[in-house]
Amino acid sequence: MKKAFIKPLFETWIKSTMPLSIKGNIIEIGTPKQFVKEWLESRYVPVIKAALKAAANKDFDIIFINMDIDMEGVEETSLLAIEKQAATEASPATNVEKLDAEPAPPEIADKNIPNDAINNADYLKILDDIGDIPEAAASLSADTAAAEIIPQTNNFREKQEKHPVQPITTPAPAAPEECNLNPKYVFSTFVIGNSNRLAHAASLAVSEAPAQVYNPFFIYGGVGLGKTHLMHAIGHRIRENNPNIKVVYISSEKFTNELINSIISGNPESFRQRYRSIDVLLVDDIQFLSKKEHTQEEFFHTFNTLHDANKQIIISSDRPPREIQTLEDRLRSRFEWGLITDIQPPDLETRIAVLRKKAMMENLNVPNEVIVYIASRIENNIRELEGALIRVIAYASLNNQPIDIDLATEALKDIFPNGRPKQITTDLIQEIVAGHFKIKLEDLSAKKRTRNVAFPRQIAMYLCRELTETSLPKIGEIFGGRDHTTVIHAHDKISKERNSDAKLNNTIKELIKRIES
Ligand SMILES: Nc1ncnc2c1ncn2[C@@H]1O[C@H](COP(=O)(O)OP(=O)(O)OP(=O)(O)O)[C@@H](O)[C@H]1O
């Protein structure tokens, strides 16, 4: 029983982490958020150490590093609630002591994973087993809280009770394939960045209260930027919350073809019936309806019928309604009734985060250098970004070689003919940061702690961590023989401040641009 409750906790918190490197007995684990890092540090270290020891037969020191990746559903409030609940139900200290004192259970100890050979897949498997350790389960005794709180991170149910969306169709839930929804396009696989934050938030709002908040909901943006992904994610979430709601996703081209076929076969009424009896209609790439007058006419009536019946309509396009040539005015004005939101090309950080997430989903350890190489070259299309990474992964797999920068350069030579990237070194970063802040290069490694030196030093440490493969102890050494915890502190501090200080964020973006150019 207990394990069933522990799983959501594991799925949400532990699985959101990723191994970054193993150097000797230090394992660096990336966390998506600072509060996840703090929570793991304060509660999980003994449990994870025990699992790693059982798997690799070696004692590891764990360093958590906040990577500040946005993850839908990961909210600090739910963590705190879990903790509160746990505190009232069990004493974590007691359980941790117990875990340290007792040997690991056989199913974990039996895994014969060699030292230093823990890759991402092994890591997740090992940590997944934490749910199987009875002591660990006890130490996470937030069982009921975990089961209840995580689904409540979206307050859909509450809203549903207040404003029920009544399905107008048959009670039998539609199979996912009838909805045409891609199982991979869900909120949890969508990386949030500045370029899509609003579109993502609005999509969540629509999915939590269909036909209540923004109707129609119109998303526009360039090719391969995640419009379809978000539409599908809305469809999935609505269906998760109420499987009886009939959701249909269709491209405007397919809509046109089906309409034409129904006319050719002399049965346009069946087409009308099908599209006017839907609860949530998602129409992708509506710009293809321009110039198709008859289809526009048909879509206009479908739109009106659904909207009048308080059904949700979600539309995507590569441009805003007013820029879709030869779109009938009455359709255009209807599209403008609800919310229009755009997705912009992702910034470097988001591109890096997308690639890291993708690598993590594939259980692959892709060096930071390779991620930065790809992310800094493909700026305007996440589909192409993913394609480049897939190409590197396939190349490594076919040649049975580990992924490194040489292999990536070779695999992508047709796409990036300029070849190998300029090597980003800690020297280069120090030089550019010192030049920008008009301080002496030596000051970065000096003992001085005045703010005019300490702050640029923290930024330089942060950039070394972000843009190079250099280990934390090595970065500490480069910056005047400082301890690796100083580097971690600098990295965390700058990551946090970037989120709240737009000026600092711009400075860092500018520095990254100069380092890479
Ligand atoms: N923010 C994101 N996080 C993770 N993956 C993303 C993100 N944005 C896009 N992708 C991925 O990029 C690929 C292309 O996205 P999608 O098909 O949604 O783009 P689109 O804007 O609909 O493009 P098009 O205009 O060509 O239809 C998909 O594999 C999608 O999962």
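Cβ coordinates come from backbone N, Cα and C, glycine included.
Taken from TrEMBL as is:
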REGION    1-101  region 'Domain I, interacts with DnaA modulators'
REGION    180-396  region 'Domain III, AAA+ region'
DOMAIN    213-341  domain 'AAA+ ATPase'
BINDING   G224, G226, K227, T228  ATP binding site
REGION    397-517  region 'Domain IV, binds dsDNA'
DOMAIN    425-494  domain 'Chromosomal replication initiator DnaA C-terminal'
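Annotated features, which come from TrEMBL, shown on the structure.
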| residue | record | CB count, 10 Å |
| --- | --- | --- |
| G224 | ATP binding site | 18 |
| G226 | ATP binding site | 26 |
| K227 | ATP binding site | 25 |
| T228 | ATP binding site | 19 |
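Taking the centroid of the Cβ atoms of G224, G226, K227, T228 as the ATP site, the other same-chain residues with Cβ within 8 Å of it are G221, V223, L225, H229, L230, S316, I343, I382, R383. Counting residue by residue with DSSP, the domain 'AAA+ ATPase' (213-341) contains 67 helix, 24 strand, 38 coil.
Broken down by DSSP into helix, strand and coil, the region 'Domain IV, binds dsDNA' (397-517) contains 82 helix, 0 strand, 39 coil.
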